[in-house]
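Student: My questions will all concern the structure given below.
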Amino acid sequence: MAIERTFSIIKPDAVAKNHIGAIYNRFETAGLKIIASKMIHLSKEQAEGFYAEHSERPFFGALVAFMTSGPIMVQTLEGENAVLAHREILGATNPAEAAEGTIRADFAESIDENAAHGSDSVASAEREVAYFFSAEELCPRTR
């Protein structure tokens, strides 16, 4: 099995509802280690930069507005097949389609306010981690 890193965001809706601890518990219970974490309030420029690949999509403005509406938690997770493991814990993007017991089924209200983000590939994870964390901020856990 491959040890990977992935990037995760707990979005403003879930932060506002105090779900941070419950979501972190899901990560750790699944064997993912949190090796970097911080709470930030994205600026419009930061949100537009992070979601630049969606800039031509009709939902881009609403996405940026939502992601800047309150603080978020950003974290880097490490573990076996971390990208896939994290996406399985999150569940389907639309919480109405998410499997029971997943983060989005349990904590999200709608497809627009769906509680969390997870990298969709190792390449995306590397780019997304680097967007928010310097190498010095990553703390691999060896114990």
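Placed from the backbone N, Cα and C atoms, the Cβ positions cover glycine too.
What you see is a predicted model, and the numbers here were worked out from it, not measured in a lab.
Below are the features listed in Swiss-Prot for this protein:
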{"type": "ACT_SITE", "residues": "His117", "note": "active site, pros-phosphohistidine intermediate"}
{"type": "BINDING", "residues": "Lys11, Phe59, Arg87, Thr93, Arg104, Asn114", "note": "ATP binding site"}
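In terms of burial and nearby residues, how do these features look in this structure?
Tutor: The DSSP secondary structure for His117 (active site, pros-phosphohistidine intermediate) is strand.
Secondary structure at Thr93 (ATP binding site), taken from DSSP and collapsed to helix, strand or coil, is coil. The local packing around Thr93 (ATP binding site), expressed as other Cβ atoms within 10 Å of its Cβ over all shown chains, amounts to 15.
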Student: I'd like to know which of these recorded positions, Lys11, His117, is least surrounded, judged by other CB atoms within 10 A.
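Tutor: Fewest other Cβ atoms within 10 Å, among the recorded positions Lys11, His117, is found for His117.
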Student: For Thr93 (ATP binding site) and His117 (active site, pros-phosphohistidine intermediate), what Cα-Cα distance in Å is obtained after rounding to a whole number?
Tutor: 9
